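I have placed the structure first, in the form of structure tokens, so that the comments after it can refer back to it.
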Amino acid sequence: MLWQIFGFLIISVVTSNTVTDAAATNQVDPKQFVADASTRYYKLYNQIAEETYSSTDDEDFNTIFTKLATVKRIAAELVQISEEASEYNLESIRDVQVKAALQNLRRVGELFVLGEEYFSSVLINFAALKELSTDKDIEPYLGGANMKDQDDSPLAYYPDIQKIFQQSNDSDELKYYWESWREKNLVWSSINFYTIIEAFQNAAKILDMSVLEFWFRCYNNKEFLKEMDKVMEDIKPAYKQLHAFIRNELHKKYGGSVVNPRGPIPDHLFQQVREQAWQANSVIEPYFSKASLPPYDTFVAHFEPRSMIDAAENFYKSLGLTELPSEFFDKQLKEQDESAESGDCRADIFDLTPYVYMKYCKKVEFRKFLQTHGYLGRVHYAREKRNLPSYFFPSYDLEYPVGEAVILSASTPKHLQTIGLSKDFQFTEPILMNRLFRMGIHTMLNIPLYFVHTKVMNDLLNGTVEIERINKHYWELMEKYAGVEPPSDRPENAIDFPYSFYLDMEENHQTKYV
């Protein structure tokens, strides 16, 4: 896929312009400089977003490298903003807001400061970690005996093995895939992960800031992890009850040789429970039948992919938000290429500025209907921030929780009946309880994982734990916060992070947790 290669090369070229001696600013009034730099920042990132958005699968290399020439020019200007901001003496500036703006503008370079060699390595390693989940290199269990038509073709973790976790009740099969994927990728996951950590540490030194400050740079809250820890304490009583219920059901299903009725849940079965939250073979099937759930996909079967976006936009208009301009629908919105349609496709959103671009998934199903509501939340939130200067814009604030809140609201029986999607379906109390319990499993079991992922990175970057014992530390945290253990003894040099850790690492896991 050439446009994906272009996406990686864009950043590589950007980083070839390493920060050098500061450019002359002639000491422009700092307040005026901040305003001008903000305008320049938006213009430059709009150009990068446009180049990426316009890329397609069928572009030839001449087209790609023509675009790269444009990006190289943009990169030089971004680095220049960082250089110019660095010339100001912050101690002489009394205006607190201007001082904060200059501090942020000094960091416009982000990882660009590493130079071509280091940052190109970071990109390659990020891409490699993501590909660990999509490479078809895992031999099927029992030579494919459980596969359709006994197909013995190698499998990828995503989406092949993920689907097996959604459907299989064979503990040995799930354990096999859990172990096989980690053993297959042990060396490369370790090398790529360690290289990325080293890159963040080096970039922080160049920017003269702590590595944790750099990692959490998009959050205006120094107590972020403490607040997350408080949330974990708040949900602990309810989580322990849900954990005990699930452990008991797994013990009844698989026996004491697989599940200790008083100990942690083996991770392969913990993943099974999460993946099967909305499936017919879930551990809660004896209490809440999948067959009694509403036919959600039928509710949206009449939609086209584009009309699902219109339905989501109508929801935001009903809340009183300003209607998205026609320019967004005409010039900034389009379908994804065919290559993005495999597995659980998700929209591509370019929202680094108020001028948001979006490529949407062409699948029509209820889950995509709800996700579309969340995506438009990011679009609307970016537009609501359009009058803010650039140094505030990249902060992660409300777009994720707003999107999740809207998804919950858009999925309620009352709303579905109000807009006519479920007008012929009767939501009884047992059906509502079935829905809520499955939502609880899906949500409550994932929260500790996001927290552990965040804390692993925090503890590694601040030196609390040495990189050589990161896997042991990971499992200590998993047992403490999630009540989960590995299904077998793990070697000291293993890296047992799930595939989602690598897929989401670049965006930081807190964005899912807020």
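Cβ coordinates are placed from backbone N, Cα and C, and glycine is handled just like the others.
In TrEMBL, annotation is done automatically, which means it is predicted and not curated.
In TrEMBL this protein carries:
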- Tyr219: chloride binding site (BINDING)
- Cys345-Cys361: disulfide bond (DISULFID)
- 1-16: signal peptide (SIGNAL)
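All features noted in TrEMBL, drawn onto the structure.
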residue : record                : DSSP (3 states)
Tyr219  : chloride binding site : coil
Cys345  : disulfide bond        : coil
Cys361  : disulfide bond        : coil
Cα distance (Å, whole number) from the residue listed as 'chloride binding site' to Cys361 (disulfide bond): 29
Fewest Cβ neighbours within 10 Å, where candidates are the disulfide-bonded residues Cys345, Cys361: Cys345
Cβ neighbour count within 10 Å of the residue listed as 'chloride binding site': 18
Cα separation, Cys345 (disulfide bond) to the residue listed as 'chloride binding site' (Å, whole number): 28
